[in-house]
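First comes the structure, then the notes that go with it.
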């Protein structure tokens, strides 16, 4: 019989649907018909709300009879389906159509309409829906008039939408609601950036439409998707099930933001580091209870989207609440744990026969406005629990070996005598009260010392005084030795500084300066001289025949390495060495090496050897050494396994000392090398040790680089370096990479950020090069100076510099996006997209005056993979989905790129930037339109739900750069 009934419904579905579509039923008749179906077939069920109240709602889900009744309302002319519920719907429609009841129409039913919350999910494109859409689902709250019952009406909820120009409004969704709160679902296209929605609600009773039409306010789709703010406040704290419960309320009228429906409360007490979570779905009560809180504690509450487990994720709302003691929340003290014992004291029994007895006394007093009074407690206490712990005691090693003493004491007693294993030990006694419900009071502690003597006497007996004097003498002697060592180190430092200052004056008198030299190409001509104290010296002031001596390179903390030369120039007035500095100093003491000691060819004598930026080990010499025929470096693989890759002999390179890279899980060393045959600079990457893990990692990177197609914004793979290792010829011992002389993007950001935040990096007296003109007040980085230049031709404003810098960052962002697009299109992920792995191709001396063809390149493919199962991630670079246990995909690279964009927006000062409100170090830079584009892109990349692709970001930044060039 059931199978026959199912086949009957299935056979009648198609013609019935066709009839319903061809015969459109007016809403004025359909609404009251649905109301009668709900009254007839709907089931009333009790639902527990977030406010822990009972709500009576009509439940029509999975209700076949109600569905048939609705079908009868829509198909009032169809006669082939003879089911009672279907016929009831048809008869209800006919009665509404033919009967006009004399019932007064109600003027007001709804006072307001709210979108309580919305959750978003992504619907990918398919054959039926060529464009991707966002599915939004949430809760709607209908505020009824005071004397309107919840079950008196049904509601038609329509979702209206409009574009940015607000010229046309269309209905994108219609849904029926049978209660004052219900769920809605509608779609929003992903390609629309500015999209507003609102609700239109029509009300019906069993006779027709009532109360007019109500509207909610307009909400922008971007504000809905960001969900950055929720107005949350504490409503009350109550006693609940032996614990405290905090009731929070959310105010929708105070903000235009629409929160997510799936939320969680992340909280912890001030005395604990454990994070607790309370997941909930926001309902029409706009409240939530957080239960199982401890009394008399302070809690930090954070509201976040559901599924968030990272402390660094920005919260939608936060609050710090103080839970009062239990007795402040109840009228009956028997509902609380007993108060702690008071007047806890001890005495030793000094009788010769009872030397090991200890007497403990205590009282239990009542509450009175938070203070103890002399009245004994009237609430039922079952017993007292006493614990005595032996303490570590001087001159008695046995004390710490004794077991803890535990006694259960009847409630009627207020003192206890018990034996201890050793009276020469000190003890800590703990006392708690336990009531009939096994609730334990706070612990009261007291320390017990031998024979009631002061604590220090029990630890320092008369026989120990000589030992203590000796110990004090040792401590004083050790302190004196450390003080002498500190004074000696300070003296040596001051002596070195004095020598350096003397050499400065001596060289200044001779017309010598130690400068950073910037060139157009790796072997090109000198275009600018920047001395060590960041002062600029025009090239015209330098002797045309520059005699350069390669100096020991300066290593900055996380900074770039620029080559330093000793340059000679003509001084109009010789500089005298101060009298107090007039002492002998030889050239051997200045710490600089002469370049003639490292000549390997006349054409390369003035070339700049720039080490890789990730250097940690200081080297006393940077002589360029000839490579031997046999290399001590670990072989990666035989060359016949990679014979399709260009190879270069190791003996053809001049190699600097290898230096270790500052990065977790790095398996390689880096050095800058010179190919003496081709006269070009390269970066060489070699294994750092001989372990199988290192060799496997290097071989894995080589496999990746051989399949990666070249790209203009990826650091170019130049081939492999081969050599003999032991008795094995033609072994791959290193990976040759394009040399990038400009250092990392992080160093560039730090350089411009420090200028913006500090305005000046040096004072006038810091530079001996500026002594040609003692009245010069030139600031570091001339482009930021508001003074006129030497010819007073024009004034360069800060606004122009910040415009240029912001556009430069957008250009860099476009180039990195293009590199990521290239990687992702090949099915690969980088996994280390940071500003430390983005390199500037050309060198620069002034970060505000770089070459126009400056580009950035993405490098360090040591952890790049094509299979997401093989990803090895840095703990600090894990996107939210990976923390939740999902696979690392291309969107993880986008999240890391968002951190790079945030670093650009904040000019490297990430400690003062907040996710969602990224701030730069300079107001002018922060308020630029191009900086706003960077900031918006960073927010989109750091979203936990939806992120743009690399191609989308590339298009965004390209449009900004094209507009800047027009």
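Each position is counted from 1, following the chain as shown.
Placement of Cβ uses the backbone N, Cα and C atoms for every residue, glycine included.
In Swiss-Prot this protein carries:
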type     : residues                                         : note
SIGNAL   : 1-19                                             : signal peptide
TOPO_DOM : 20-470                                           : topological domain 'Extracellular'
CARBOHYD : 62                                               : N-linked glycosylation site
CARBOHYD : 126                                              : N-linked glycosylation site
CARBOHYD : 183                                              : N-linked glycosylation site
CARBOHYD : 214                                              : N-linked glycosylation site
CARBOHYD : 251                                              : N-linked glycosylation site
CARBOHYD : 372                                              : N-linked glycosylation site
TRANSMEM : 471-491                                          : transmembrane segment
TOPO_DOM : 492-966                                          : topological domain 'Cytoplasmic'
DOMAIN   : 656-966                                          : domain 'Protein kinase'
BINDING  : 662, 663, 664, 665, 666, 667, 668, 669, 670, 685 : ATP binding site
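Summarising model confidence by region, the topological domain 'Cytoplasmic' (492-966) averages a pLDDT of 68. Between the CA atoms of residue 668 (ATP binding site) and residue 183 (N-linked glycosylation site) there is a gap of 56 Å.
A distance of 57 Å separates the Cα atom of residue 670 (ATP binding site) from that of residue 251 (N-linked glycosylation site). Proximity of residue 183 (N-linked glycosylation site) to non-local residues of its own chain (separation of 6 or more, Cβ distance below 8 Å) is seen for 137, 138, 139, 140, given in sequence order. When the neighbouring Cβ atoms lying within 10 Å are counted for each of the recorded positions (214, 251, 670), the highest count belongs to 670. Reduced to three states, the DSSP call for residue 183 (N-linked glycosylation site) is strand.
In this structure, the C-alpha atom of residue 62 (N-linked glycosylation site) lies 34 angstrom from that of residue 251 (N-linked glycosylation site).
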